[in-house]
Amino acid sequence: MEKEIMDAMAMKRALTRITYEIIERNKGVEDIVLIGIKTRGVFIAKRIAERLKQLENFDIPVGELDIAEYRDDQRNSAEPRSTKANSSLAKLDLKDRKVILIDDVLYTGRTIRAAMDAIMDINRPAQISLAVLVDRGHRELPIRADFVGKNIPTAQNEKINVFVREIDDEDVVLLEN
């Protein structure tokens with residue numbers, strides 16, 4: 001059974017609020033780079049970049065990050081990591097920049113830890129922040145989001161499903177029991 005938690009308008013409002021918070025906390029956007037975690041985090045990052053351009057009249061670089069090779073729960077740790085999956089990210093100048101990692105849902109924190117490992121393998125930014133559309137709790141690692149669209153406390157057996165129009169043909173967040 002699924003329950004709608006956020007419709008398209010609620011998602012838009014949440015992303016707009018995150019955008020304003022990014023501007024306020026960073027005192028502008030000139031030294032910011034947005035990095036979306038594949039798959040849905042990339043589309044959320046692009047939307048935030050579009051809104052930042054509207055508000056600040058500045059093109060924000062947006063990168064895509066594939067963390068599959070960095071997940072400790074999905075790969076054999078004896079195998080060497082390949083940076084080919086993130087070669088497009090290596091083209092971005094992250095040195096001394098403020099990187100904002102963007103994902104759809106924050107849950108255990110393992111995805112974010114893997115993303116930080118991937119970024120540090122590429123370059124060393126001045127700062128890494130985290131923006132998520134939904135924070136559902138249940139952290140296994142000491143990671144928290146700096147920018148949150150909506151906190152949705154869930155039971156361990158529940159699941160949050162984020163759908164974005166770019167790949168799912170609609171914007172909606174559902175809670176699945």
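Every residue, even glycine, has its Cβ placed from backbone N, Cα and C.
Under 8 Å from some Cβ of the motif 'PRPP-binding' (99-111) lie the Cβ atoms of residues 22, 32-37, 40-42, 44-45, 48, 65, 67, 71-73, 119, 125, 127-143, 145-148, 160, 162, 164, all in the same chain and six or more residues away from its ends. If you look up Swiss-Prot, you'll see 99-111 marked as motif 'PRPP-binding'.
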Could you tell me how many residues in the motif 'PRPP-binding' (99-111) are helical, how many are strand and how many are coil under DSSP?
2 helix, 8 strand, 3 coil
